[in-house]
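For reference, the structure discussed in these notes is given below.
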Amino acid sequence: MIETKRWNVDTNKEQNERMIIEAANELTSGGTVAFPTETVYGLGADATNEEAVAKIFKAKGRPQDNPLIAHVATKEQLMQLVNDVPAYVDKLIETFSPGPITYVLTSNGTSAANVTAGLSTVGVRIPSHPVALALLRACNTPIAAPSANLSGKPSPTTADHVWEDLAGRINGLVDGGPTGVGVESTVVDCTQDIPIILRPGGISKEELEEVVGTVMVDPALLHADSKEKPKAPGMKYRHYSPDVPMWLVEGGSARLQAVYDELVAEGKQVGILANRNTLEKLEVQQSISLGESLEDVAASLYDGLRKYKQGDVDIILCETYPQIGIGQAIMNRLKKAASRYVEE
Ligand code: TXA
Ligand code: MG
C-alpha cells in the first residue's frame, strides 16, 4: 500500500495553483497521479521515465503489450515526440485539439519504450480539460496516461471511481469533479495516407470526415467475429466489465420489458440501464437513467455500469443505441462490457 494524496481543485484559484504544482512535482519526480480530462480520468506518469511508467502498469494490472497515450499541452510539444507527420494531421489538430482525439504517429524515440509497448508508433493527445492542461503545463514533460481504472473495469468519470479502484496503489489523485464527454478519445492511426479510426470516441467519424474527407475504420472494429487483429492493442481485450453480468438487449422498450419479465419470473433481481424515454415505458423495480441525448448517455454510461454492485442485482439489462455520432463509441463500449448480446 502507498499513501494516495488527494487534491480537491474546486476551491479558490490560489489554492488550485498550489495543488497543481504539488501534483506536478509528484509526476516530475517519478510518481503516479490521476487527473481529470474531458473524457475520463487518466493515471499519469512522466512519459520519458521508464521506471515511472512501469508504475502505471503495476497499479492498473495492465497487460504489458498495451501502449499508453502521451498527453501534452501544446502542438509544439506534440511535434517533439513524433516524425513524419502527414499534412492532414495539421488540419485535425487545428480543428479538434485540444479535445478528445489521439493521433497515432511514428515515434521519434523520446517516449519511454514501455509507453509505446515496443511499437514504432506513439499515441499523442492534447486534452481540453482545464485541470489537465494546467497540470501538463506545470509538468512541462509529456505525461503518459491510460484511463485511471483497474484493468478490465469501466473507465472512471469521477474522482470517487478512481479512488474506488486505485487508492493505496497510486501517489496522488487530483479531484476536478465529473468529466464531461464520458467516453475516451477517438484513436486515429495517422501513419497512412488516409486516417484510420482504431477506437471510436469523443470525436465521431462524421466530424472527422467533414475536415479531412474520407476516413477509414479499422476492419477489426466492424465485425465482432473478425479474424483481423485490432491495430490498437487495447481493443482486443474485454473491457469495462461491471460488477455483475450485463446483457445488451436489441429491439427497444418492448423487448427490454419482455426479457426483464422472463428473468424476474426465474427469480432474478434485474437492474435496467436505459435512457429516460425508454424508462418511462417500462414497469421495472430498479433502473438507472442515462439521460436523454446520445451525449447524455456517453457522459453517464460508465457511472451507470459502476453503480450496480454484486448483491444489489443479479443481472443488468441495457438497451442498444443508434451508431451515429458518439453512438459509435457508446455501442463499441457496451458490446465490450456485455456478457451477452440479445438480438431482436
Ligand atoms: O480519452 C482517453 O484517451 C483517455 C484519457 C485518460 O486521455 N485515455 C485512454 O487511455 O483511454 P487507454 O490507455 O485506456 O486507451 C488507449 C488506447 C488503447 O486501446 C491502446 O491500445 C491504444 O489507445 N493505443 C495507444 N497507443 C497506440 C499506438 N501507438 N498504436 C495503436 N494503438 C495505440
Ligand atoms: Mg482504458
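Placed from the backbone N, Cα and C atoms, the Cβ positions cover glycine too.
Record check: TrEMBL places Thr39, His71, Arg125, Ser185 at the L-threonine site, and the matching candidate among Ala23, Ala87, Ala145, Ala167 is Ala145.
Using a 10 Å radius centred on the Cβ of Ser155 (ATP binding site) and all shown protein chains, the other Cβ atoms total 26. The Cα of Arg62 (ATP binding site) lies closest to that of Ala145, out of the binding-site residues Thr39, His71, Arg125, Ala145, Ser185. On the backbone, the CA of Thr121 (ATP binding site) and the CA of Ser185 (L-threonine binding site) stand 17 Å apart. Among the binding-site residues Thr39, Arg62, Thr121, Ser147, Ser185, the ones whose Cβ sits under 6 Å from an atom of ligand 1 are, in sequence order, Thr39, Thr121, Ser147, Ser185.
Under the three-state DSSP scheme, Arg199 (ATP binding site) falls in the strand class.
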